[in-house]
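Asker: Following this message is one structure expressed as structure tokens.
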Number of protein chains: 2
Amino acid sequence: MARLHLHLLSDSTGETLEMIAKAALAQFDHSEVNRHFWPMVRSRQHLDRIFDEFKANPGLVLYTLVNEEIRDRLEERCRSLGLPHVAALDAVTAALEERLEQEAKGRPGRQHALDDAYFARVDAIQFTIAHDDGIGWENWEEADIVLAGVSRTSKTPTSIYLANRGYKVANIPLVVESPPPPSLFELRHPMVVGLTTAPDRLIQIRRNRLLSLNEKTETDYVDQERVKTEIAFARRMFADNGWPVIDVTRRSIEESAAAVIKLYQEREARAVPPRVGTKPI
Amino acid sequence: MARLHLHLLSDSTGETLEMIAKAALAQFDHSEVNRHFWPMVRSRQHLDRIFDEFKANPGLVLYTLVNEEIRDRLEERCRSLGLPHVAALDAVTAALEERLEQEAKGRPGRQHALDDAYFARVDAIQFTIAHDDGIGWENWEEADIVLAGVSRTSKTPTSIYLANRGYKVANIPLVVESPPPPSLFELRHPMVVGLTTAPDRLIQIRRNRLLSLNEKTETDYVDQERVKTEIAFARRMFADNGWPVIDVTRRSIEESAAAVIKLYQEREARAVPPRVGTKPI
């Protein structure tokens, strides 16, 4: 198979386009795809410099440009160079134009408006960082979600991921010898979720962790019986308190987080019946 | 304008589809759009339950389902209910099929494979959390990026955002009275970037911060002359060391992060001439 150059042009951060490319490419075997990422393309001059790169590395051009003049110029040049080009958001935008009975504004960067939702998201990130690993438990009532689990069940990265989606998250490691603060069992606003995993998988992850820290790899921390006891202790606590449980074995952070969001939305829907899936972005 | 129900169906986490919807909707005024989010749709049973919701709240259906059987069933049902429906990734997928000369696999969740890139990203998040706010400066040489700036220039959320994109980031607050560790000026591997902002804007943000902490709002921390001195001190440090600077005034976290990534890629491109924009994910 020939090497494919994939040019990604955005007039904003390019984040959406990167995700589109990643999701679509995941459906192919593509060891030979070379991505060229061109964010913040908002002027003819900038575009003209990129055309030089098109000539050097011709390939498929994907874009989310919304400014009509810049877009027209890009499309015209792609045609003259014989390059295939796809406006990645056009099908969705066209459907929205029809349903909302208005034309798309064509103004770049509008999804990065510094609006209330944006500041709420930044707050969520700050809150989550300040409530990692059991820190700041006095404020747990302010959290949307509290994740509980034994060491190395991905509590931190899952919390951070959820914070990026707008949720205020705290997390607490469960340690047999040292019970969590009693307030954990009395929370009203936050949803507490237990994270668990298969003992063998946990031992493997912890062993790698110790190796990467250059520490000896035969301790209680990775002892099979010991780890089983720990996980059973956590599972019992989840059951005793009626907390929903997510098994993170072989799940990516994104998938665990999606499962947490689903639980959260179901809880919200039960609390206020007509509200379905309308939590933040 | 009528209220629009927007149904988003994914057979994986739905993250890509949510971003597509957000980016496209940003080009409209849409106070009346009600999003219904349906991730992890992988069975006929699940789909059938969602059809009930379609009937209750008919609207536009966007989907990224890759399994052919589930997709066909969805499309057929949308047609029979008279609902407009758009396969959000199809244009891009079709272009890739042609250029890569293979058919898309049609297997859900492939972008969440637990591969090397995935684990590198989780490592980046762990590293970044452990190197927030000047902590762990002994390991800065392992970072890809070190962000430096005075208090409240969005160092933490920008770091976290970059970590989610796969970069190992440390950040350090610049305080006039307490100089940063000398190692900051001797880093070889990481790119150091200075964050700055307009004094008035900084005072406003800090005042809000004090208010939210219930502290008194007339301190050195928000004194105009004092803040100007602080920013000048930081700017001089950036200039003396030849560090690139990003002004975060009126930029969202995503936009600041995109500017950092652009600088990083330019530096990489200079270091190894033929490599353009091929950093992670």
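Yeah, the Cβs are placed from backbone N, Cα and C, and that goes for glycine too.
No curator has checked TrEMBL annotations; they are predicted automatically.
Remember, predicted model here, so these are calculated numbers, not experimental data.
Take a look at what TrEMBL says about it:
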type    : residues                                                       : note
BINDING : A:G149, A:V150, A:S151, A:R152, A:T153, A:S154, A:K155, A:T156 : ADP binding site
Asker: Could you check the binding-site residues A:G149, A:V150, A:R152, A:T153 and tell me which sit with their Cβ under 8 Å of a chain B Cβ?
Answerer: none
Asker: Other than A:G149, A:V150, A:S151, A:R152, A:T153, A:S154, A:K155, A:T156, which residues of the chain come within 8 Å of the ADP site, judged by Cβ distance to the Cβ centroid of those residues?
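Answerer: Once A:G149, A:V150, A:S151, A:R152, A:T153, A:S154, A:K155, A:T156 are set aside, the remaining close residues are A:N171, A:P173, A:L195, A:T197, A:V248.
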Asker: Would you identify the secondary structure of A:S154 (ADP binding site) according to DSSP, in three states?
Answerer: coil
Asker: Just to confirm: which same-chain residues, 6+ apart in sequence, have a Cβ under 8 Å from the Cβ of A:G149 (ADP binding site)?
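Answerer: A:G149 (ADP binding site) has long-range Cβ partners A:K155, A:N171, A:P173, A:L174, A:G194, A:L195, A:T196, A:T197, A:A234, A:V248.
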Asker: For each of the binding-site residues (A:R152, A:K155), count the other CB atoms lying within 10 A of its CB, then report the residue with the highest count.
Answerer: A:K155
Asker: Using a 10 Å radius around each Cβ and counting other Cβ atoms from all shown chains, which of the binding-site residues A:S151, A:T153, A:S154, A:T156 yields the largest count?
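Answerer: Highest number of other Cβ atoms within 10 Å: A:T153.
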Asker: What is the number of other Cβ atoms found within 10 Å of the Cβ of A:V150 (ADP binding site)?
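Answerer: So the Cβ neighbour count for A:V150 (ADP binding site) comes to 23.
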